[in-house]
């Protein structure tokens, strides 16, 4: 066969045209400019950390941004508002205290509440949540280094198991929509013990976990949990293979930086559902169409973009790439933000606070020396140097237990004797020292400029009173390990007030507790704390803490210095309804009130 | 030769082992991974500490933990087993997965900047070498060192402020005020003066030309609202195409070679003729299609050059192929510009196209061209930032290498036997000047995969540098080791390649076996 030159050329051209049209995109030439009917608009929020897991309750998944995604995609019995009140969502379900002694609480999910795949949210889900958060079957024992020596930890739950750990296996009722928890002794924080949105709500769907763990169905999981025995670290039982499979899947099965192909891994029972994820860059949530059990958001879509550094967040806000930011607060950042038109900046207290603790040993074994040192601390000057540049109306914190956002703060602060330390009293300190010149070594994190500033101000003032202050500051990587190990007389660092709940109190102040680094011990305070932990009336709790506050101040424990400052800013030309919130949920706490102007 | 390579590879493995041990220890001892928990007053503090100890094996001393890591990493060397285990990051993500993703992002970020830096840097270097000690030479040297010494985070912040936020504000009402036109035109005039050669009169004339040209173009762009609905159109492609044809011919063959010039002009003509027939096809473009079209373009260029005939077909082919590729590039650019209004008006862009963070607009849905524009607007600023700082080294290397070559005896010989200046420069000097550059480029490619730590951070780009720095801050050795392994291997391999390349390119250098 012979072809002419031209027919060859035509043949080549035809083949080429065919090849090109074969690889054309299927969609044709349609110009896609917008998307389907959007009415509420979209809001984009900047976050520091990157999304990494759909289960924010595990040790690995316990990153703030995962918790925020869970907050928007889960149903829960209550949330915490910006004034640190517990706000129940009765449209999702109810919980009530059935009896005080023994403490019995019944949780009921409302009929019609479903996961986004149509499966109802029911007792199975509550039970799975309970078994993970109570650590009921865990019987692992670990040595000093933290190594597990015997037994098994089934669920790597990142939260505190001591509350739900008091409960027995719950009873299921109301056609499988309720569980009833019976506590072995009264538990102070019962109201925030289970199913709160800020802790991930009713976290993982039981029917999915059951299936992925190789169980027949959700009922098999319920039967498995009902058949469990309480774990005893002293007498570890043989590992339960089925529960181990459930635990392993719960621990790691929902970890994913990208959107899994299997939609059952990111079911939603809340207002939004995850729509797309760009690993380490952004996550987009859209409305969950079936949701009608609780506050309804007015926006259609939320995008969270991950931006690490504060100045970059500010520029992204300025360029309209994000609408809401919550960067690390600093005087520079505030200045940058204030210079942008149409941006509203919210600056307010956070729940963490810096404090000066005096060891009840060494030079400070003598109460007079402690009092003299406390008298010489310039708290107002520290606040002026560190907090004032960011928040103009900042004041020293006057309670070891409450923050000003809580109602009990004012009476407690007025009664605990903190007013004696409002301004340094050098003469009073000199009088107490009576000519002695004790040497005080203060330990703090040298690499934290705020702590270093506080140290130098305290040093300057205390030396006037006759103290010899030695700089015991350590680098960022060493100071934490040195806490409680001795070798210093006083320390400056930070605690985080939980805002709601009282379980954190004994952790710091009870004799021999894990975070009681300075050796504070007072039998009366211990007794009050024991009482506190079994007191379930909030008003009674406040009264007890107020008494403990007074005891702590009277024993010259040390001084709270100031509350850290939080910051959020948003494009108020475009967005409204953003309200500051001091706890870890941040601005997301009322995302259902966010609105895009003009939409 | 083989023994040499084997010997090099063997030492490379030893270096990697030693260095990885050192890096692991330094990372593990760089901080306290429990620091945040020690400060905690949560009721379940002990439990949290225990969980983290278990996750990171903190109960095992760091030197021993290294060997545990090494055991997992060694499996990566066993081919076809697929049980590569580089451990887990603190957030539970497998390091292999994180590395794969980060490498993709880093390659996306640095490829454009690296290619541009090499091309522009080498061109600047050659030109300044040919015009040594001229105003142009001093000007380029000054600018190169200026950019080289600017801190990249600062350049990045300025770029964001003016090239992104400022430019986006400008796009809302794309009208250029006369004062701005005057200033830019003046700068253009000065640049023309610097670049021109000859008498002062001639250079002043060039300056005036530059001034008028810049002012005219800016004015036209402003009046026609070009920034809202950009495009090139046939006229611009025609004018620029003819200019490219002449330029390409000058470089590839010299204007005296009429056949080469006609080949290049024919390539322009083909591009213009195909402009309209191609539009419906381009409307359904995919990456594969663009790749095939690119190959077709080169083939058409070669075909034209071949058919033109003459005593030296190669020169025709070169001129025509270069022209064809550049004209096709303009057609492509024109198509992207046609998609601009759709991109600009997209509700997720909201009229602010130039981005300051990330590599894409979340949930942007659009066709091939809109997606392409989105990538462009996100890569623009980081590419400029990276380009500015890496221009200096390439232009200096190219300049010194070219200067050295131009003083060689064989260049004098070439001139003495009557070769034209174009042939001397392009064929005898330029190629040989590239030999040292080739080895530097090979070496730099190895370094590029390591990521641009600061640039990635400022532009919130989740690449290798970001992975490294974030893991280091959390005192999380596994991701750090992953990054180290990749960059270490890359550095060693490309070092070897650079050495081999040198001996392959330059017959004077032969490896002693």
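Cβ atoms are placed via backbone N, Cα and C, with glycine included.
When TrEMBL is compared with the stretches B:260-278, B:355-373, B:412-430, the one noted as transmembrane segment is B:260-278. Proximity of the transmembrane segment (B:233-253) to the transmembrane segment (B:260-278) is established through 3 or more Cβ-Cβ distances under 8 Å for residue pairs spaced 6 or more apart.
Cβ atoms under 8 Å from those of the transmembrane segment (B:379-398) belong to residues 108-110, 112-114, 116-118, 120-126, 128-129, 140, 144-145, 147-148, 150, 152, 155-156, 159-160, 163-164, 354-356, 359, 433, 436-437, 440, 452, 455-456, 458-459, 461 of the same chain, restricted to positions at least 6 beyond its ends.
Under 8 Å from some Cβ of the transmembrane segment (B:139-159) lie the Cβ atoms of residues 124, 127-128, 194, 381-382, 384-386, 388-389, 391-393, 395-396, 452, 454-455, 457-459, all in the same chain and six or more residues away from its ends. Contact counts against the transmembrane segment (B:260-278), taken as Cβ pairs under 8 Å, peak for B:319-337 among the stretches B:179-196, B:203-221, B:284-307, B:319-337. Within its own chain, the transmembrane segment (B:179-196) has Cβ neighbours under 8 Å at 135-136, 139, 202-204, 206-215, 218-219, 222, counting only residues six or more beyond its boundaries.
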